[in-house]
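The annotation motif ''HIGH' region' is assigned in Swiss-Prot to 44-54 on the grounds of sequence analysis. Swiss-Prot lists Glu45, Pro46, Asn47, His51, Ile52, Gly53, His54, Ala55, Lys56, Ser57, Thr241, Arg272, Leu273 with the feature ATP binding site. Residues or ranges marked as L-glutamine binding site in Swiss-Prot: Asp77, Tyr222. Among the features that Swiss-Prot reports, motif ''KMSKS' region' is placed at 279-283.
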Amino acid sequence: MATANIELQSAAEHEAHPTNFIRQIIDEDLATGKHHNVYTRFPPEPNGYLHIGHAKSICLNFGIAQDYHGKCNLRFDDTNPVKEDVEYVDSIKQDVEWLGFNWEGEPRYASDYFDQLYGYAVELIEKGLAYVDELSPEEMREYRGTLTEAGKNSPYRERSVAENLALFEKMRNGEFAEGKACLRAKIDMASPFMVMRDPVIYRVKFASHHQTGDKWCIYPMYDFTHCISDAIERITHSLCTLEFQDNRRLYDWVLEHISIERPLPHQYEFSRLNLEGTLTSKRKLLKLVEEGAVDGWDDPRMPTISGLRRRGYTPASLREFCRRIGVTKQDNVVEFSALESCIRDDLNINAPRAMAVINPLKVIIENFETPETLTMPNHPNREEMGTRQVQLTKELYIDQADFREEANKQYKRLVLGKEVRLRNAYIIKAERVEKDAEGNIVCVYCSYDPETLGKNPSDGRKVKGVIQWVSATDCLPAEFRQYSRLFTMPNPGSEEDIIAAINPQSLVVRQGFVERSVANALSEKAYQFEREGYYCADSKDSRPDHLVFNLTVSLKEGF
């Protein structure tokens, strides 16, 4: 397997392999000879785009295989053709590769094993361990019982092996309508575990499949498919989130009762990623997309990997986030600031600096006549990132928030009658203002001190404030998309009307200016716009004649 390229220069990411209970189990399995190698898998269902929660599973499964010199499969659990699509298959492949991982061989599909799965279902019937049930879905729910009341046996439970084989063949041949028959495992309707009360393992669906076309009209259920796929692929450690803990009983039961090569895989559960204020239900995310509440699955406000990527998150920052939160069996909610901290740390090291003015206010330096070309570092601490040339001209733009006619001593920016330093340039003084008919300031007239380029005033006066600027005659117009949380409540998944719960201020669009050095900003190219935040060129809408930058994260937490 290829080794992930680590961009985030964090000492933490270069520590020895992280310790968690799963790695302790693997260490023991290898030490005792239970397994001689490590084989994991990442098995998403292609019914939506991957989200931040999947990133944790990707980093865990591929990371373990990488660290133990093992292998990790990418397998699509494609057992429900109604909800799945090749679009999702392609996006998942892209996301895994973008995160820095390579899977073993070609991608696998559960549908690759449909013939074998059918054969194992027949084997269970022949052993008297599966039967065709014709209860309606409503009747089946009634017969199933509750957590405090045992279920009841279906009247079809004691059919003969021959009858079940014939009926299952009819199911395969399309002789039953959807919902009129299913194949159930014969386990225990009185089990305290609902998953063991004769679960459905095959159902009828007349739907074309993105891999197998119209070959099948019956499809295996996830719980039946997943464990057998693991065994076929010789997976040693099948890693799932905690909601599948009870399903492990069915996982083991299926494998123990079919003729499949030993040793059998074993399932281990870990806590899923619950990120504060973040929605990870694919069904609800799909609703946001379908109702046009967001700009597709890759909207920068979405918690999808493609959305985070478009917003400006890097593979290294997401890997580092997954490393920091760790792997445990305890469910908890991770603060969103923990994710922001990872991308902020990454971009602080790797993003070149540039100047942007998002809420422009015209400045005219009355005693400055001849334009000057100033050389500025692309990064204050990394000489190897080089320098850039920026034009200083008589007319500039500064941010509206950086000027006041009157202010207290805590305001360290430009005030009428006082001085401030232009970033990497001279000290200027606000002399007078021009206002429009409504009393709004439209221009600040200034003077500059020509002896202050790169040095303090010779007379010893103190000028503490520094503000960014761009030349009004040598800058580029740009659109700035300032993103914040899509939802303001800590648990949006609990909201019934998810559309109504959207934060109306989650996207604010501004029209401003950037220095010319970013004219050819490539898709997803990140910058620190000084004193503004970390931004990246939008991968869909930004182009040389219409620059669009997305706010990735603020410069400081809580800013």
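A Cβ is built for glycine as well, from the same backbone N, Cα and C atoms used for every other residue.
On the structure: features taken from Swiss-Prot.
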| residue | record | Cβ contacts under 8 Å, 6 or more apart |
| --- | --- | --- |
| Glu45 | ATP binding site | Phe76, Asp77, Asp78, Thr79, Asn80, Lys83, Glu84, Tyr222 |
| Asn47 | ATP binding site | Asn80, Lys83, Glu84, Asp85, Tyr88, Lys282 |
| Ile52 | ATP binding site | Leu273, Leu275, Thr278, Thr280, Pro303, Thr304, Ile305, Leu308, Leu318, Leu339 |
| His54 | ATP binding site | Pro44, Asp95, Ile305 |
| Lys56 | ATP binding site | Arg272, Leu273, Cys322, Ile325, Val327 |
| Thr241 | ATP binding site | Ser57, Glu269, Phe270, Ser271, Arg272 |
Key: binding-site residues: Asp77, Tyr222, Leu273 - member with fewest neighbouring CB atoms within 10 Å   = Tyr222
Request  = For the motif ''HIGH' region' (44-54), give the DSSP counts of helix residues, strand residues and coil residues.
outcome  = 3 helix, 1 strand, 7 coil
Ask   = Reported in the order helix, strand, coil, what are the DSSP residue counts of the motif ''KMSKS' region' (279-283)?
value = 2 helix, 0 strand, 3 coil
Ask   = Average pLDDT across the motif ''KMSKS' region' (279-283)?
value = 91
Query = Where the record says Glu45, Pro46, Asn47, His51, Ile52, Gly53, His54, Ala55, Lys56, Ser57, Thr241, Arg272, Leu273 bind ATP, what is the longest distance in Å from one Cα to another among those residues?
reply = 19
Ask   = What does DSSP assign Thr241 (ATP binding site), in three states?
value = strand
